[in-house]
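To start, the structure itself, in C-alpha cells.
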Amino acid sequence: MSGSGAPTIETPRAEGLRVAVIAAQWHPLITDSLVAGSERALAEAGVTDHKVVRVPGSFELPVAALHAARSGYDAVVALGVVIRGDTPHFEYVCQAATEGLMQVSVTTGVPVGFGLLTCDNDPQALDRAGLPDSREDKGYEAAQAALISALAIRSL
Ligand code: DLZ
C-alpha cells in the first residue's frame, strides 16, 4: 500500500471528547514516538481527557481497546509496531491485531484509530514513527483519524 493519494487532513477541534491511547511495548523507541505523536494531535485538538495504557505486545491491543470502548471513551487510538522476522509469527500477530481492532470498532461503535505499523524491517518503521528524521507520523495520523471519526459519528 503506498501513501500516494493520502488527503491533507486538518486536525479538528475536539474539546470534550474522551480518548484512550492503547500502545504496545515492543520496539520501544518507535512505540514511544507513536504515543508522543498521538498525544501531540490530541493536544492540538484541545482534548484534555485522555489516558495512555501500555500492553505487552500488539497481540494484546484488541482486548485493551475493547475494554476502553466499553468504558465510555469516545475514541480509541491503537499503536504498535510489528517487524517481520524469519517465521510466520509476523502474519499471525498482524492479522490478529488488525482483525481484532476492526471487530472492536464495528461491534462497539467506538472508532479505533489504526496506528499499527506492520513493517519488513526497522528502517521502514523508523520512517513512519514521527521521529525527527521520519517522513511520516503514524501516531499523529491515527489520533486524527480517531477524532474525526468520533465527530463524524456524533453528527449522524
Ligand atoms: C512475540 C512477538 C514478536 C516475535 N514480535 C512482536 C513485534 O514485532 N511487535 C509486537 O508488538 N509484539 C511482538 N510479539 C509479542 C506479541 O504481540 C504478544 O505480546 C506475545 O505473543 C504475548 O501474547
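Sequential numbering from 1, following the chain as shown.
Note: Cβ is positioned from N, Cα and C throughout, glycine not excepted.
Annotated features in TrEMBL:
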{"type": "BINDING", "residues": "Trp26, Ser58, Phe59, Glu60, Val81, Val82, Ile83, Phe114", "note": "5-amino-6-(D-ribitylamino)uracil binding site"}
{"type": "BINDING", "residues": "Asp86, Thr87, Arg128", "note": "(2S)-2-hydroxy-3-oxobutyl phosphate binding site"}
{"type": "ACT_SITE", "residues": "His89", "note": "active site, proton donor"}
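Separation of the C-alpha atoms of Thr87 ((2S)-2-hydroxy-3-oxobutyl phosphate binding site) and Ser58 (5-amino-6-(D-ribitylamino)uracil binding site): 17 Å, rounded to the nearest whole number. Of Asp86, His89, Arg128, all annotated as recorded positions, the residue with the shortest Cα distance to Ser58 (5-amino-6-(D-ribitylamino)uracil binding site) is His89. Closest to Arg128 ((2S)-2-hydroxy-3-oxobutyl phosphate binding site) in space, going by CA atoms and restricting to the recorded positions Phe59, Val81, His89, Phe114, is Val81. The two recorded residues, His89 (active site, proton donor) and Val82 (5-amino-6-(D-ribitylamino)uracil binding site), have Cα atoms 10 Å apart. Contact annotation for binding-site residues (Ser58, Phe114, Arg128) versus ligand 1: Ser58, each with CB under 6 Å from a ligand atom. Of the recorded residues, Phe114 (5-amino-6-(D-ribitylamino)uracil binding site) and Asp86 ((2S)-2-hydroxy-3-oxobutyl phosphate binding site) place their C-alpha atoms 25 Å from one another.
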